Structure formats: structure tokens, C-alpha cells
Amino acid sequence: TVSVLYCSFRSPTHSIPQVTMALRFAAAAFTGLALGGASYATRVEAKRNDQEVGYSTPWNPAAPDNRAAYGVATDDINLDVKREMEEARRLERLYEAPGDKDKKRPNGALSFKFQPFKLGEIINLTEETAIFRFLMPSIDDEFRLEPCSTLQAQKREGAMMIEQLQRMYTPVTPNGTKGYFDILVKKQPQGRMTEHLWAMKPGDSLNFRVVLHKLKYYPNVYENIGMIGTGTGITPLLQVLRHALTIKDDKTNFSLLFANPSDHRVLLKGTLDELAKFSNGRFKPYYTVDRIVGPEPWQGFIGLIDEKKIRATMPPPGKKNILLVCGSDQLMNSVCGVPFAVMKPWSSGHSLQPAAAHGAGNVGDEVGGILGAMGYQSEHVYRF
């Protein structure tokens with residue numbers, strides 16, 4: 001069920017009645033599988049969040065029928081849930097126990113089964129954002145993660161699956177790094193997973209496993225790839241950039257529109273500028289901030305992501321262009337039109353998450369928000 005970049009995830013049919021989609025979300029939340037085990041309390045809390053002001057919107061590429069979600073020809077929710085359970089079991093069977101030395105793993109010390117990794121140190125970037133460095137079992141273990149894949153953190157709070165806290169984090173560590181991997185985390189108010197992370201001390205352990213997105217990068221499939229992100233949403237976008245810009249024969253061009261609170265709090269700006277410097281013109285980053293606090297002249301936009309900024313930085317809708325979007329619930333709602341209630345199970349850290357990550361915003365076909373109003377359709381946007 002992994003899609004290549006030219007045919008990102010979509011629902012199996014193009015015309016899904018709103019009632020059917022509503023039943024999908026309700027039934028998936030009830031079962032606690034397809035939408036991450038969202039509880040009634042979580043949905044009520046998400047409904048309250050619907051009153052918040054949104055951010056900005058994008059859209060998502062259509063897959064041919066044989067690559068449609070879960071490979072089924074209908075939108076029957078029972079098939080979705082059943083397939084989700086089968087996928088979780090299949091991933092667990094891919095590898096033997098962590099101590100099996102004879103089984104070669106494509107991700108080195110990382111695997112599709114949850115394993116504990118010790119926290120080495122915490123590097124504070126701002127008062128609410130930090131890098132958490134987790135140690136590999138051996139100092140000689142290399143960090144390797146396929147582009148468009150991520151890590152899922154897990155904290156067990158009980159015997160039942162619904163009692164396990166889970167959250168997706170895309171490491172900011174370059175492939176080939178030995179001995180550790182880093183995740184960039186923003187502390188969320190009342191976020192159970194981030195509260196746990198901030199309470200950890202060096203030497204404490206947290207479970208991680210590899211999770212594949214229904215997206216795969218291949219060079220020269222697109223002429224232009226636009227990226228829209230906010231805050232820690234930069235991590236999967238950075239992962240794609242690092243991989244693509246090292247491919248000598250790849251002529252794909254990239255542009256990034258990255259929103260942050262202020263000119264002194266642009267996450268990983270040095271890393272992004274360095275990538276642009278050595279990209280031979282293939283990568284152009286653009287920054288927008290809510291406010292200017294430093295005395296130095298600001299070379300970028302000011303204010304929230306809007307249609308004007310998107311038109312100035314992103315490729316227009318087209319068969320050879322695609323947008324990748326990742327960020328806060330507010331960004332996904334305002335830019336892509338993803339409902340807060342859909343995002344909440346993925347972003348809150350309050351619940352179990354799916355075994356195969358396709359991004360909450362890709363559950364439906366239609367693109368709303370700013371991008372929808374600009375004419376982008378689902379085949380042009382992938383929402384992490």
C-alpha cells in the first residue's frame with residue numbers, strides 16, 4: 001500500500017458522500033483502530049477546538065485504481081478497519097525478536113517492532129521546543145530511515161492497546177549518523193506524550209518503531225515540489241529534501257514556505273539555508289514569521305500563510321507539480337481544509353495511532369481551505 005510520489009494516497013473512490021465519510025470517522029473512532037482509537041472525550045475536546053482560528057490549506061495526488069487505499073474497490077469502512085488490523089500484524093511478523101542476530105534489517109537497529117531506546121540528552125531550542133537525542137544499542141549502529149518514513153513513539157500505560165500513548169516523530173538526523181537519532185518536539189498543552197517526554201531524564205527509555213508513509217520519493221517524477229510547513233512540521237519535509245538533493249541525476253526543483261513565530265525562532269534555519277546553498281539552485285526556502293523581534297533586517301514574509309504567499313512561492317496546479325504539507329492542526333485546517341476533529345487523534349498524543357501512516361488529512365479526496373479555493377485538487381497535494 002505504499003504509493004510513489006506521483007500517485008500519493010487517496011481514498012478508493014472519488015465521489016464519497018459526506019454521510020459515508022462521517023460514518024467512516026465515527027466507526028473508526030469507535031473501534032480505536034483506523035483513526036487511532038479516538039475516544040468520545042477526545043472527539044468532544046476536538047469539537048471545542050473547531051472554534052479556533054485556522055491557519056492555511058493544500059491538496060493531494062490521485063492514485064490509479066490498483067494503488068488505491070488498501071487496494072480495495074469500495075469505501076466499506078469494515079474493510080478499512082480489517083485491513084488496518086492485518087497491516088499491524090503483518091508488520092510485526094516481518095522481523096523476529098530484537099535479539100535475533102541473523103535477521104538483517106533494512107533500517108539497522110530500527111525495525112517495524114517496538115523497541116526501547118535510551119534518552120541520551122535533551123537540547124533545548126526554545127522554551128517550548130527541544131531536540132531529544134536517543135541512543136542506538138551500539139555506538140557503531142548507523143541511523144538509516146527510508147525517505148517518507150517516520151518513527152512511532154510508544155509509552156505503555158496499561159495492558160490494553162487503547163491505553164498506549166503513541167505519536168509519530170520524523171527524526172532530523174541525517175542517514176549514516178552513528179550511535180543516535182534526534183527527534184524535534186514541540187511541547188503541546190495537555191499533550192500526554194509531550195508531557196511524558198519533558199518529564200524524561202537521560203537514561204530513561206521510550207519505545208520506537210519504523211512506520212512507512214503511503215508515499216515514496218522517486219527522482220524526476222515531478223518537475224517542481226512545493227512544501228508548506230510550520231514549526232516541527234518541517235521534519236518530514238527536511239527528510240525528503242536531504243534525500244533528494246543528494247541524487248546527482250535528479251532535476252526536481254523544490255520550494256519551501258515555512259512559518260514560525262518570530263525571526264529569532266525559525267527552527268533549523270541554518271540547516272535549510274545550508275541545503276539551499278549547495279543545491280545548485282534546486283531548492284529555494286521562503287520564511288514567514290508572525291512578528292519581528294530582532295534589530296537585523298528581515299529577509300522574508302510577515303504574517304500567516306495566505307493565498308498571496310502561496311502564489312509567490314509554490315508551483316501552480318499541474319501534472320508535473322505537487323505540494324507536500326505538514327504542520328499544526330491550524331495550518332492543516334486553514335490551508336487544506338482538514339477538520340480539527342479528524343486531526344485530533346493524530347496530533348494530541350492521547351490515543352493509539354494507525355500502523356500504516358498515511359496522514360490524517362489524506363482520509364478524504366477533496367482539498368479545502370486556501371488551496372482548495374486556489375484550484376488545487378487531491379492529486380496535487382500530499383498531507384503528512
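We number each residue from 1, going along the chain as drawn.
Positions of Cβ are set from backbone N, Cα and C atoms, glycine also.
In TrEMBL, annotation is done automatically, which means it is predicted and not curated.
When TrEMBL records R167, Y169, L184, K186, M193 as binding FAD, the matching candidate from T230, T235, T246 it lists for that site is T235. Helix, strand and coil content of the domain 'FAD-binding FR-type' (112-219), in residues and according to DSSP, is 11 helix, 50 strand, 47 coil.
Our reading of the FAD binding annotation (R167, Y169, L184, K186, M193, T235) yields a largest Cα to Cα distance of 18 angstrom. By the criterion of other Cβ atoms within 10 Å of the residue's own Cβ, the least surrounded of the binding-site residues Y169, L184, K186, M193, T235 is K186.
DSSP classifies T235 (FAD binding site) as helix under the three-state reduction.
Those same-chain residues not listed among R167, Y169, L184, K186, M193, T235 yet with C-beta within 8 angstroms of the centroid of the FAD site C-beta atoms are A153, M168, T170, I183, V185, T194, T232.
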